[in-house]
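The structure appears right after this line, and notes come after that.
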Amino acid sequence: MGELLSKVIPLSLGAAVSPTVLALILVILGGKRAVARGAAFTAGVFTVLAGLTAIGLTFSHNTSSNPANAEIARNIDGFAGILLLVLALTTILRTRLHRDDPADDTKPKPETNPSLHRAYLLGIVMMLVNFSTILLYLPAMREIGSSRVAFDEKTVAVIIAILITSVAATIPLLFRIVAPVPAERAFSSLHALVTRHQRQIGLVIEIGFGVYLLFKAVR
């Protein structure tokens, strides 16, 4: 179990770093009916994670029974690593482009008071387009599905992975529920900080874990 978690937790921590999801839920939690809308948004996040969990575990179950498929698993890690590095290159190019384009400030701002249904859909959409999270979460599920630990230990590992990966949505929501007044004051400045540095944060995750997955593929 310890060996499994040593592989799953780092991938889940990388998948958890989602500046876009964090920035959006901070905006939602600063609006009206904050807790209800934040809960709907978080439910959308969990819906996507449930689907990714099913996909990752099903794939690893279908491939882990044949030792020859270890090569396929390494190729998948390598492909995911390359995609993350491509995302990093895209982030760098986009940063340079916007640095030379002062009109970037005209982008529409996210809606602060979406309906519950719309907040739920926003959670789903933000996770589906969060490619770095997907590219790190699926390998974590593959590690769990292909491991030889007992079923209950795999279940615990899946729960840990989901809880870690979802912290960008769950922690602000829990903070807003437990301490609404301090949360309201903190969220405004935190949102500005995350928005200002979201490209740099994403770049670190994309490069760091892209190299990590490539290393796993070739070792």
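We number each residue from 1, going along the chain as drawn.
Any Cβ shown, glycine's included, is placed from N, Cα and C.
Now, the feature entries from TrEMBL:
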type	residues	note
TRANSMEM	12-31	transmembrane segment
TRANSMEM	38-59	transmembrane segment
TRANSMEM	79-97	transmembrane segment
TRANSMEM	118-138	transmembrane segment
TRANSMEM	158-179	transmembrane segment
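Stretch with the largest number of CB pairs closer than 8 A to the transmembrane segment (12-31), among 38-59, 79-97, 118-138, 158-179: 158-179.
Among 38-59, 79-97, 118-138, 38-59 has the largest number of CB pairs under 8 A with the transmembrane segment (158-179).
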